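**Q** Submitted below is the structure of interest, expressed as structure tokens.
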Amino acid sequence: VLLSKAAMSRSSSSALEMEIFQYIDAHQSDFIKDLKEWVAVESDSVQPHLRKEVIRMMALAADRLAALGATVHLVNLGSHQLPDGQVLPLPSVILGELGKDPQNPTVCFYGHVDVQPAKKEDGWNSDPYTLTEIDGNLYGRGATDNKGPVLAWINAVETFRALKLAMPVNFKFVIEGMEEAGSLGLEKLLEEENQSFFSDVDYIVISDNLWLSNKKPALTYGSRGNACFFVEVECGSKDLHSGTFGGIIHEPLLDLIALLDSLVDSTGRIQIPGIYDSVAALMEEERKLYESIEFDLEEHRINCGVKKFLYSTKEEILLHLWRYPSLSVHGIEGAFHEPGIKTVIPAKVIGKFSIRQVPHMDLSVVKKQVVEHLEGVFSKRNSPNKLKVSMPLGAKPWLADVNDLLYKAARRAIKTVFGEDPDFIRDGSTVPIARMFQTITQKSVMMLPIGAADDGEHSQNEKISRHNYIEGTKLFAAFFLEISKLHQTLHETSHRETIN
């Protein structure tokens, strides 16, 4: 019986996958030992006194890549000044490369090795910087965000080398140590390297987020942006006594409460005119993606401890988390907030709110709509107080095409390793890094998470399960093979079309 070329390549690739997966299973304890060594470094980029630990962590990661045979450049980003005037060195960013075969696609992986602050007394059951395995879970700060996924990718590359297999793709690495503190200096570096380091990159993969479910794998193809606003109302230079002035002046806090109350109604709908105008219409193809997603509404409700949500179906909840804008009020600066009573009228108060915006919404348009709306509401109050509206921060949304080659390859790899198709999900929060890479390099970008929904990134008892860490390593290895095959096919097809 003559096997078709496709069937032959399938059977040989499955034999190859078996060999790779067996190696990964056999070397689990080595991979966990590496993670233990990385978690032990307190690479907290938020607290100044730990900056030297972040720098030590970057050196460790650079050594690990060099051991793979990669060429590693530690790019110096200089220093930055803290609000208190202290000047701190920025950790170098790793730019690494391995393999230069012109026949192979080049995949660039982004990850970070800095972590959020953690102390045992914050409510951890084990020391946050000692990787501890309990019931198949590996607990430790950075286990899932993002040291585990970075190591899983490195382990997958190492597996090909250990088995003396030809590398299916050329690898590039961008690893940083300031992600938790806002990726200082990274955007400028990407712009500087766009014509050189990124010139031959075909695909960019980020593994710095989580599945939506505890069990079902996911692929992330979008995230919302975020526009943060300050609305300031001021009546004079000093706070006033409510017995002496209450009832005869326009109180700034009452003005502010009226302004904040005008932003969103009790059903969650934003009341700013025109805000929904540029939100993309929901197409049937996209709506279908929501039906098969594994998402337990009741479990989600219990996890966040609320009595009920604004919507009652899974589809409605996810649509309003991912593809519609939302407005949240975060706080009021300048108002009395300590325990007890203080009968004061504050002279100046600042309300803080943000709008998570979605694709096609323009930040400058959103700012204009907000300012016009608030000024309109304020003018109706006939208040002599001073109003000032500002937007100190604006991050744009990100959206990828789920039919892109990158997503096809990842979907096949997930099917191979986990035996099921992934959920295609978006993120309700903001992932500036995906947008940054896509905008600057103009390459296709994908978020390929290996952590589960209950990993507790940024929280106490952060973990990655042994299962997700090891199967995630297999997933990356299978993905290298799939993207290589699809890329070759695409190029053969386009080559044939050129000849014809």
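Note that Cβ sites are derived from N, Cα and C of the backbone, with glycine treated the same way.
Below, the features straight out of TrEMBL:
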BINDING   HIS112, ASP145, ASP208  Mn(2+) 2 binding site
ACT_SITE  ASP114  active site
BINDING   ASP145, GLU180, HIS458  Mn(2+) 1 binding site
ACT_SITE  GLU179  active site, proton acceptor
DOMAIN    224-377  domain 'Peptidase M20 dimerisation'
SITE      HIS241  site 'Important for catalytic activity'
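So that I understand the layout, could you describe where these features sit and how close they are to other parts?
**A** The C-beta environment of ASP114 (active site), restricted to residues of the same chain at least 6 apart in sequence and closer than 8 Å, consists of SER43, ASP44, SER45, VAL54, MET57, PRO91, GLU176, GLY177, MET178, GLU179, GLU180, ALA181.
ASP145 (Mn(2+) 2 binding site): 25 other CB atoms within 10 A of its CB, across all protein chains.
GLU179 (active site, proton acceptor) counts 23 other C-beta atoms within 10 Å of its own C-beta, drawing on all protein chains shown.
Across the domain 'Peptidase M20 dimerisation' (224-377), the prediction's mean pLDDT works out to 95.
Around HIS241 (site 'Important for catalytic activity'), the C-beta neighbours below 8 angstroms that are at least 6 residues distant in the chain are THR343, VAL344, ILE345.
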**Q** Non-local Cβ contacts of HIS458 (Mn(2+) 1 binding site) (under 8 Å, 6 or more apart, same chain)?
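**A** Correct list: GLN116, ASP145.
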**Q** Apart from ASP145, GLU180, HIS458, which residues in this chain have a Cβ no more than 8 Å from the mean position of the Cβ atoms of those residues at the Mn(2+) 1 site?
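**A** Surrounding the site, in chain order, are VAL115, GLN116, GLY142, ASN146, GLU179, GLU457, GLU462.
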**Q** Which residues, in sequence order, are found in the same chain with Cβ within 8 Å of the centroid defined by the Cβ atoms of HIS112, ASP145, ASP208 at the Mn(2+) 2 site, excluding those residues themselves?
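**A** For the Mn(2+) 2 site the neighbour list reads GLY111, ASN146, PRO149, VAL150, GLU179, GLU180, GLU457.
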**Q** Within its own chain, what residues at least 6 apart in sequence put their Cβ under 8 Å from the Cβ of ASP208 (Mn(2+) 2 binding site), listed in sequence order?
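**A** ASP208 (Mn(2+) 2 binding site) has long-range Cβ partners TYR110, GLY111, HIS112, ASP145, ASN146, PRO149, GLU179, VAL431, ILE433, MET447, PRO449.
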**Q** I'd like the number of other C-beta atoms within 10 A of the C-beta of GLU180 (Mn(2+) 1 binding site), please.
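**A** Other Cβ atoms within 10 Å of GLU180 (Mn(2+) 1 binding site): 20.
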